[in-house]
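What follows is a single structure, written as structure tokens, with notes after it.
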């Protein structure tokens, strides 16, 4: 086992003893990697665990800075890299198998690395970090430097891999994107180039994307202006405009899940939607592979999306969530799926070994399988993961060979302590919480969430079994603790009960009783010494409200199991006075506390402050709560809440905390003598620990990192070991008899039938639970009752038996009450529905009745609240509508109807103009007035300059001036057809409106809109005034009709006609305020009348009746009513109702009448006749009056209807004017909007141009730098090549002193090179490995060079020396040859670097050209946009009024093409035609009148010809006399009306040109200065080099002279002279050519200057923008 060499020196001073990590058990949460063909590794907590798949041997590497982050391995170099999780994390690179640190990489990442990946060949490591940098970095991990990095904010990546065949390609994929990054290198410079893959749509089809920046397919609109891209319409001008797409244009794409590379540098991508994609690595072209469906599809499985992919020959291996591995056989563009392997769990990761003979399969639980090709068995489980992290651990007594672990799902494992091999497993199939092993027997207790305790027998380690189950309560078990001698088992539950159970299996784990403590139990501590017969128990609980902790202590005698009935009551509760229960409180909160073995001392770990305190218990007894004060306080030097444990002999205090450090302290001094950092604070430290009885074995369990660490002592001896070993021996001797007895009982105890499961059954059950979690298995089992409820029921039974008589009496009373209630229910059934009570009212359950009553009250209150809220919402909505549509209206909307015809006229509802609108209108009006005054002043100034004409005009007659003024006014007011509306018909002033042909600027259009809105407001106001007048007139007419109807009703009543009286009324549309008032008849609900209202109505009715009685008693009034109908004077209207009473004698026959009576009868008839005549006369007068009144009503109402019809026409015209003005406003608003879009587009193009220019400067700088580097490298290459040639040519000169034949032999040996034997790979391996031999890299080149040097050592051996050669000469020859070989290698390497740099330069040049093309394209787009903008500003949209039926077009094509069409008024054409016709008629008449017209014409033509000839003669004479030269400037001066403005413009252009030339000149001067400075430095360098060369030249001349003497002496001619002569001739020729090129360059520069001067002279106004 090896650990990291760097470990933080903690703040603890360890003494002579120290701890070390023996092994670590944990299961992978990240992907498992191969280090070599036989070793895999994975991170777990603070460690990296290496496993040999053949021997299953583990090796551990510990991270010095906490939890291991991400990890990657490099198989060729056998190194592993991982990051830590601290702030500003580091990357560590370790070699394997030595586990020595190679390097430490430090970047600028703030939080965490998320991905690491090694290149398959070379020393490159790629790292990726997410938030907040989103940075991809490339490292040279051997030299610990970052080669290049790039940040892309917002891009989250979940997989990263290098191309196995090309280290320059890197693929990054996420659920939404796939990108291929290319690494480009030039000498020592590296850079990233990213390209994104265009993914298909979800259905596998491809979407044709258009260019967002420069769209080419936009339609052309000749009427409404240019059509711009969507980004310009949206107003985007930044980078977001380059990728902007509206929501309607966004389509869901495929979601990649995994990718893998192929030997052809292609990519296979698996998607969530089930598609398999193939991407070309060079072109990034995406191909959707077609799936070939089999005839018999796979049953009971539905493979949707691959979770992981690995490449194999002719296809890929993929896995999903169904636990199967599939083989994808790919041919061309289709693939077929076949079953490859079945795994018990869903597969999360797969990878091949480097030799491709082993396939590693990792499940979601963390288990690791190895599939070996061509061997039996093919599938082998390397790592069997547990079902979740370890919840609890404990040693099996005595703690030297085995230990147990428990997971939350109920999985119990027995492990071999030496190498952590799993011996056996058992599943409880329930949620477990705690575990404890019994010191006095081979058994263990497991607490569960449902309140049960399972007792496990581990007598047979390979097959543990449940021997007993105790269902204590329905509250979960949180603590299970054995005392030191294994007498009692104490179980703490969440509800605050501590159960005491007999720990002996022979007693069937008898439950003795329980005691109640505080609910939040933190720890239970016991002390059971060998020399005493009691067990002291302490329970620690927290009081979060008070910020304190409570200690509750009680004593249990060892004889308690025999006398348990006397210690507990009938319900099982232990009596506090018998167990001597005492309460203590501490003034501060503790996270843990243990009871010391001696001196009644307690040790506590403070949770708020980093201190460990000891407390002394009082010796005297006390009642109530006793406050403990700290006796000793020591700083723990551990942060976070911690736990305390005591060793078996009670002299070691072991502390663990959130920081992950375990400390062993002396119990007396509380000082640390041993410590170990086994976990880290990133994983929330240590959850629990266990120490064996002999103190030599320590198990530490992490809280969140899922690691179990086994610690051993490095040095364990002396007094430290003797104390605990002595106590261990005594304890074993004391427990030996009890252990033998209990173990024998456990060996004979049968297994309890509890629903347990084996490994395979548990796996299947787990899988079925995962697949369908909603299925419920119903079993007909009787519900089990907890022990505490059983005791309660037994106590209740005893109480029932004790009070049986009283119970009978109560039963009889209940029976009588039930009979009474039954009678009441029968009576209730006979009542009516209103009087009936509900069935629940007769229930005797008062609590139920109260509950139902409360529910009904709550329901009523809820309904009331809902109704109130509903009413409130409706009221609020009504108030909003009223405020918006009524109160805010300055002019309320209303209608006006005619009396007789169906005609309705509505007014214009209008809101009051705001203060801002009025201020804006005032500003525009003031501006218009100022402009008018300015225009008037300008006209006066221009007229004053004209001089004489102005004086003549002032002296003209007054009539002509008035006519001209009228004409001017008439001209200034535009006609309606040019104004575009009929607003002048309403008397609205339109003189301030600008002409529609002059609205070019944005401000003019805005001002025009404001004025048009004001015109609309005025038009509406004018009409509303007319409407109000008509409304008042109708009110007057209705009042007058109502007044006349009074008389009409009287006449009808007098005439006793049945004719109805027509009474006009205002309708609701005419008086809309009625809608806001709710009438009583509109309310459909029953009106609720309050009691005091009812009482008031009764009083009013009583007073009315009393008044009527008083009126009946008045005889005078009654007499008046009987005599004259209640009136004192007879009116004329009463004639019609007047009746003359008949005499009384008329009842007699005529024969018996007397004369007097006959005379009275005649008088009667005369009166009747007169009355009838008067009645007829009055009736006729009434009828005439009635007809007259009705006619007057008819006439007045019809007159009003006619007026309203005219008002309706006025309303139509006003609406027409309003629509016309609003149409103009809409056109202006559209032009403003289009202007904004054009401005946005122009800003975006300018910003885009700025970015491209910046990019161009960067690319130009990169090209310049690359070209300089290439030149330097080429120079070095030329030097090396020249040195190589010199070494080759000067070989014979070096060995000129030896004979010629030996020189020839040595030259052949000098040219000879060793053959390097390539390692031949086996044919089987070559056929299996799909990637074959990976391409070379820098490391491989170094290895090849080292191998070449090794082979050169063999050639340099003395045995290869030719015969007769001096050994000194041989050694000199070997050194020369080795130098030649090294130089050749340098030349090859430099040639490769040169080719790479040339390629890099070519790419940079291509990028520069591409950017330049983009810039030119942007310039072209800007020019087109500016042209469009100018065209849009000039081509105005105007509104012209046309008369219907007067537009005639013979050619319909004129409507389509507006290039030559002019729209004019028809009246102008007609007037012109009439004038032409009149003049033509006059001309014909004059020609007919004059007979000699033709002669006169001929005469005039002759005279005209004569005069022309004379003019020619005179002109010729004038030309002969004087020739006058007239230049173009003078012509321009005479022809140009504003020559000074033209001159000023040209001066401005020339100034700009001069400024630009000055700027360019300064820039050229600066460049020349820089060049001169650079040349000066270069000259100094050359002087120094020339001085060095001159010195060398002297030495060489001396050597040459010596050699000449030698050669002359030997009589042989040297070839050096020939070489020197040739070099001299070449040098002279080169110098001559250099001079010629300089002269030509000077001539070219002079010609360029002349060309530039001529160009500026020809085009002086072309200034660069």
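Backbone N, Cα and C atoms are what each Cβ position is placed from, and that goes for glycine too.
The feature coiled coil is assigned by Swiss-Prot to 812-869 (among others).
The annotation coiled coil is assigned in Swiss-Prot to 910-957 (among others).
According to Swiss-Prot, the feature coiled coil maps to 1154-1207 (among others).
The feature coiled coil is assigned by Swiss-Prot to 1378-1429 (among others).
Sequence annotations record features per position, and here Swiss-Prot assigns repeat 'WD 1' to 108-149. In the predicted model, residues of the repeat 'WD 1' (108-149) average a pLDDT of 90.
Residues or ranges marked as repeat 'WD 2' by Swiss-Prot: 152-191. With a cut-off of 8 Å between Cβ atoms, the residues of this chain six or more beyond the repeat 'WD 2' (152-191) that come close are 114-115, 117-122, 124, 126, 128, 130, 134, 136, 138, 197, 199, 253, 255-261, 263-265, 267, 269, 272, 279, 281, 284, 1266, 1269-1270, 1273, 1331, 1334-1335, 1337, 1393, 1396-1397, 1400-1401, 1403.
As annotated by Swiss-Prot, repeat 'WD 3' applies to 250-290. Same-chain residues lying 6 or more positions outside the repeat 'WD 3' (250-290) and placing a CB less than 8 Å from one of its CB atoms are 159, 161, 163-166, 169, 171, 173-178, 180, 195, 197-202, 204, 206-207, 303-311, 316, 318, 328, 330, 333-335, 1330-1332.
The repeat 'WD 4' annotation in Swiss-Prot covers 299-338 and rests on sequence analysis. Using a Cβ-Cβ cut-off under 8 Å and counting only residues 6 or more beyond its ends in the same chain, the repeat 'WD 4' (299-338) has close neighbours at 257-262, 268, 270-274, 276, 278, 287, 289-292, 344-352, 356, 359, 361, 767, 1328, 1330.
Residues 27-29, 31-34, 36-37, 40, 51, 53, 75, 307-310, 312, 317, 319-325, 387, 763-764, 767, 1325, 1328-1330 of the same chain lie 6+ residues outside the repeat 'WD 5' (342-381) yet bring a C-beta within less than 8 angstroms of a C-beta in it. Annotated repeat 'WD 5' per Swiss-Prot: 342-381, in sequence order.
Per Swiss-Prot, the feature repeat 'WD 6' maps to 385-425; the stated evidence is sequence analysis. Remote same-chain partners of the repeat 'WD 6' (385-425), defined as residues 6 or more beyond its termini with a Cβ less than 8 Å from a stretch Cβ, comprise 23, 25, 27-28, 58, 363, 365-368, 431-442, 444, 446, 448, 456, 458, 461-464, 486, 688, 690-694, 696-697, 699, 701-702, 704, 706, 708, 710, 728, 732, 739, 759, 762, 766.
Per Swiss-Prot, repeat 'WD 7' is recorded for 427-469. Residue counts for the repeat 'WD 7' (427-469) under DSSP, split into helix (H, G, I), strand (E, B) and coil, are 0 helix, 24 strand, 19 coil.
Residue counts for the repeat 'WD 8' (472-511) under DSSP, split into helix (H, G, I), strand (E, B) and coil, are 3 helix, 19 strand, 18 coil. For 472-511, the entry in Swiss-Prot reads repeat 'WD 8'.
Swiss-Prot lists 680-721 with the feature repeat 'WD 9', giving sequence analysis as the kind of evidence.
Secondary structure of the repeat 'WD 3' (250-290) per DSSP, as helix, strand and coil residue counts: 0 helix, 20 strand, 21 coil. When Cβ-Cβ distances below 8 Å are used as the criterion, the repeat 'WD 9' (680-721) is approached by residues 16-27, 29, 44-47, 65-67, 85-86, 389-390, 392-395, 397-400, 403, 405, 417, 420, 439, 639-640, 643, 645, 647-649, 652, 654, 656-660, 662, 673-674, 728, 731-732 of the same chain, each at least six residues removed from its ends. Remote same-chain partners of the repeat 'WD 1' (108-149), defined as residues 6 or more beyond its termini with a Cβ less than 8 Å from a stretch Cβ, comprise 69-77, 79, 81-83, 85, 87-89, 91, 93, 102, 155-164, 167, 170, 172, 181, 183, 190-192, 1331, 1334-1340. Secondary structure of the repeat 'WD 2' (152-191) per DSSP (helix as H, G, I; strand as E, B; remaining residues coil): 0 helix, 25 strand, 15 coil. Assigned with DSSP, the residues of the repeat 'WD 1' (108-149) fall into helix, strand and coil as follows: 0 helix, 21 strand, 21 coil. Mapped onto DSSP helix, strand and coil, the repeat 'WD 9' (680-721) counts 7 helix, 19 strand, 16 coil.
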